[in-house]
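K.L.:
For reference, Swiss-Prot lists these features for the protein:
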- 1-24: signal peptide (SIGNAL)
- 25-276: topological domain 'Extracellular' (TOPO_DOM)
- 56: N-linked glycosylation site (CARBOHYD)
- 177: N-linked glycosylation site (CARBOHYD)
- 222: N-linked glycosylation site (CARBOHYD)
- 277-297: transmembrane segment (TRANSMEM)
- 298-636: topological domain 'Cytoplasmic' (TOPO_DOM)
- 339-628: domain 'Protein kinase' (DOMAIN)
- 345, 346, 347, 348, 349, 350, 351, 352, 353, 367: ATP binding site (BINDING)
- 466: active site, proton acceptor (ACT_SITE)
């Protein structure tokens with residue numbers, strides 16, 4: 001809360017200042033008669049002590065633009081122009097009134113302008129500079145910070161002595177040639193420092209060329225640096241004579257001019273009814289900004305604390321987990337392993353999956369947990385459930401990374417991706433050629449054996465809660481492997497019912513009891529239901545919500561398959577099937593219909609499912625309708 005108090009104290013002056021502006025000035029408004037102006041919508045604002053060239057003489061006089069040492073700017077189309085009598089026109093891109101400076105860029109090469117004005121007499125070796133009034137007198141040399149430069153013509157090149165190196169610049173490359181060498185010399189210097197063959201080039205009616213002081217990081221260049229930069233074709237900053245306006249502008253007010261008193265004065269910026277509205281608005285905006293700042297700081301503080309708690313929870317788990325396999329990697333190792341995450345091969349519920357390679361050349365899949373929820377639960381679930389088990393039908397976890405809030409899981413790579421790719425493919429040839437009845441049975445049996453191991457073969461029972469085609473990966477030989485244990489839950493092997501705070505899984509595969517306890521308690525039978533829905537999709541090649549089933553758009557997939565089986569109709573999608581293949585598909589469908597019984601007590605265990613699929617049960621009875629019979633049974 002101390003941080004919030006500091007921020008509030010910092011913003012309170014802003015609010016007070018807005019209130020002050022709304023009431024501080026109720027006098028004749030200078031800006032009402034001398035409003036700021038622009039040459040274009042995005043051009044710099046032009047206001048006192050600068051003036052825009054205007055034909056309105058009376059307005060110029062009352063606004064302090066007539067007969068005073070100020071810069072007068074002009075508009076040329078959309079550009080704001082400042083004209084130098086010798087160096088030519090400049091475009092003004094920005095004006096900073098608080099620092100009394102502006103950024104200017106030559107519209108034409110200053111050196112070229114100077115060349116055109118430099119007249120070398122054919123009969124004399126003494127050049128002259130013609131600066132007779134061929135430009136508008138918009139550049140008052142008494143107004144800006146400047147140095148006077150004298151143009152010097154020499155018959156040979158020379159190097160200034162070290163004591164005078166800051167006062168002599170040249171030779172100016174764009175003016176000089178093999179017989180004429182031109183230098184710019186600070187007019188404050190005695191010309192006796194020059195070689196005898198050097199002559200001053202006369203400038204009409206002037207003692208020299210006025211070079212505006214160039215700024216860099218609010219520091220003035222010295223004479224030599226300025227003289228070298230002036231001929232360059234680049235944007236630069238120049239400063240004008242500050243006078244009394246600088247202190248006024250720095251205090252947050254505006255410099256103005258009183259025509260009656262013929263002097264400058266300082267006033268709020270601006271004032272009157274218009275500023276009252278602006279000030280009131282700014283006060284409200286400042287208050288809103290304060291609230292947003294407080295809310296942001298509070299959010300970031302809570303988020304930081306939340307992330308720290310998650311990090312501590314994960315680290316405590318990993319400390320308890322020990323140093324046994326899988327291997328823990330640093331994030332830099334994971335990034336190198338995944339080739340900087342260039343090859344994305346999939347997207348899961350908790351993050352993206354990238355193809356990578358271990359240092360020994362073994363291909364791997366790297367899952368970056370981007371949307372991990374439940375206080376790091378998905379990461380902990382994955383490591384805790386499959387980190388120490390090894391089964392032919394469960395994807396193997398080879399390593400992991402937990403570094404700050406960045407977490408990754410490294411699995412064995414499955415080249416044939418997920419089962420979903422094949423059973424829902426728009427290319428019917430894929431389904432017909434790869435997922436023939438024999439292969440369908442092998443895949444279903446492999447999944448069933450993997451689930452049986454999770455439910456019965458480990459020290460603790462592992463409930464997956466997200467069995468679906470997307471989470472069944474296929475290896476080189478199309479052997480299935482169960483993956484994605486982000487929603488998994490561990491429980492004792494003798495624990496029949498587990499407690500959940502919310503339903504888990506994917507719509508279409510979630511058992512009824514996860515939605516309503518009227519169907520019974522949540523147990524490993526929820527996974528059996530998901531397996532049944534998966535197998536129904538395998539034998540039909542369609543999603544359980546696919547409207548293309550049958551002739552009616554609203555036919556429920558289990559109901560459609562049940563009617564097919566009970567009426568002895570074919571389910572296989574291959575063009576030609578033997579009677580044996582038809583029987584295998586029918587067997588798969590009957591097992592699936594047993595698995596999706598609404599009453600969990602009527603569903604078989606995965607051990608019994610394996611026996612059903614292997615034919616160990618001699619007579620497989622037709623199950624009751626899972627969507628009618630079970631409901632009636634539960635209601636009776």
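Glycine too: its Cβ is placed from the backbone N, Cα and C atoms.
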K.L.:
Can you tell me which of the recorded positions 177, 222, 345, 347, 353 is spatially closest to residue 466 (active site, proton acceptor)? Compare CA atoms only.
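P.N.:
Answer for the nearest of the recorded positions: 347.
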K.L.:
Give me the non-local Cβ neighbours of residue 347 (ATP binding site): same chain, 6+ apart in sequence, Cβ-Cβ under 8 Å, ordered along the sequence.
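P.N.:
Listed in sequence order: 353.
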K.L.:
What residue among the binding-site residues 345, 353 has the most other CB atoms lying within 10 A of its CB?
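P.N.:
Ranked by Cβ atoms within 10 Å, first place goes to 353.
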K.L.:
Residue 222 (N-linked glycosylation site) to residue 177 (N-linked glycosylation site): how many Å between their Cα atoms?
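P.N.:
Here the two Cα atoms lie 26 Å apart.
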K.L.:
177, 222: which of these glycosylation sites has the highest Cβ count within 10 Å of its own Cβ?
P.N.:
222
K.L.:
Return only the integer: C-alpha distance in Å from residue 177 (N-linked glycosylation site) to residue 345 (ATP binding site).
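P.N.:
If we compare the Cα positions of residue 177 (N-linked glycosylation site) and residue 345 (ATP binding site), the gap is 66 Å.
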K.L.:
For the residue listed as 'active site, proton acceptor', just count the other CB atoms lying within 10 A of its CB, please.
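P.N.:
Looking across every protein chain shown, the total is 23.
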K.L.:
Quick one: mean pLDDT on the domain 'Protein kinase' (339-628)?
P.N.:
84
